[in-house]
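So TrEMBL has the following annotated:
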- 28-251: domain 'RNase H type-2' (DOMAIN)
- Asp34, Glu35, Asp142: divalent metal cation binding site (BINDING)
- 256-280: region 'Disordered' (REGION)
Amino acid sequence: MDLSELEKDNTGRCRLSSPVPAVCRKESCVLGVDEAGRGPVLGPMVYAICYCPLSRLADLEAMKVADSKTMSESERDRLFAKMEENGDFVGWALDVLSPNLISTSMLGRVKYNLNTLSHDTAAGLIQYALDQGVRVTQVFVDTVGLPEKYQDRLQQCFPGIDVTVKAKADALYPVVSAASICAKVARDQAVKNWQFVEDLEDPDADYGSGYPNDPKTKAWLKKHVEPVFGFPQFVRFSWCTAQTILEKEAEDVLWEDSPTQDREGPERITSYFSKGPRARPHVPHRYFQERGLEPATTL
């Protein structure tokens, strides 16, 4: 899989796809959706679709595709290569969402949670297949959140398509299994060949599984947290594990806009990401204080 576009810029999102098989523009097709890397604190999340004509679904099953989590990396690579060899009837596309994109979305002024980001990415890939001329008539999706709500939303987006959203769909429907293999192969390759934009002294790759509860992952995070600037962009800094390490290892921050008399000590930078109410009252910006401006509550 050629991820050269991602390696040029891994700070946002990157879409990759196979050529569309000619038969998929002529015959009714089934399409599967799955992701890889939703839970890890390190690396990107990858959403993938895989599709083929309904008349060739048995041929896809004959490749013995299965849930990518049950396979070794070499097995996944072999099956992806097999799908590429059968590009005359199998097509795929994927979106690689960088850790930076995920975290800035979740912590932005207007919150964009991971479920909504996942749903929108899946819908975007289905629409992409339709825009490429694929005659999609059935869609199977591995659920994120409640399957009923997710299915209703996709069905409203694509009223002319029969949509099924299920838990463990990657183990139930071969076309979703194929999508899960595409997603996992892409994520594994992206993580293995990650281009650090930061000047790290020793960017070792011994970070374990990348999941928050992995001791190796936690050790890697502690090693690579910079006291002032935080983590490399390989890290999803919106994850609780990353924020906890910031609290312990990073420097305290004083904000210049806070009047001296109101300061009771330095606040942690992560306190500004807190969902709950802050203990201190809101203080107007210095611009308003110097000009004696106050908010008008009545006219």
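Using the three backbone atoms N, Cα and C, a Cβ is placed for every residue, glycine included.
Because TrEMBL annotations are produced automatically, they should be read as predictions rather than curated entries.
Keep in mind that this is a model prediction, so the values were computed, not measured.
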Could you tell me which of these binding-site residues, Asp34, Glu35, has the greatest number of Cβ atoms within 10 Å of its own Cβ?
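Highest number of other Cβ atoms within 10 Å: Asp34.
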Using Cβ atoms only, which residues of the same chain lie under 8 Å from Asp142 (divalent metal cation binding site) while being at least 6 residues apart in sequence?
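In sequence order, the residues whose Cβ lies under 8 Å from that of Asp142 (divalent metal cation binding site) (at least 6 apart) are Val33, Asp34, Glu35, Val165, Lys166, Ala167, Lys168, Ala169, Asp170, Val176, Ser180.
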Given the recorded divalent metal cation site (Asp34, Glu35, Asp142), which additional residues of the same chain have their Cβ within 8 Å of the Cβ centre, ordered by sequence?
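After dropping the recorded site residues, what remains is Val33, Ala36, Tyr47, Ala48, Val141, Val144, Ala169, Asp170, Val176, Ala179, Ser180, Ala183.
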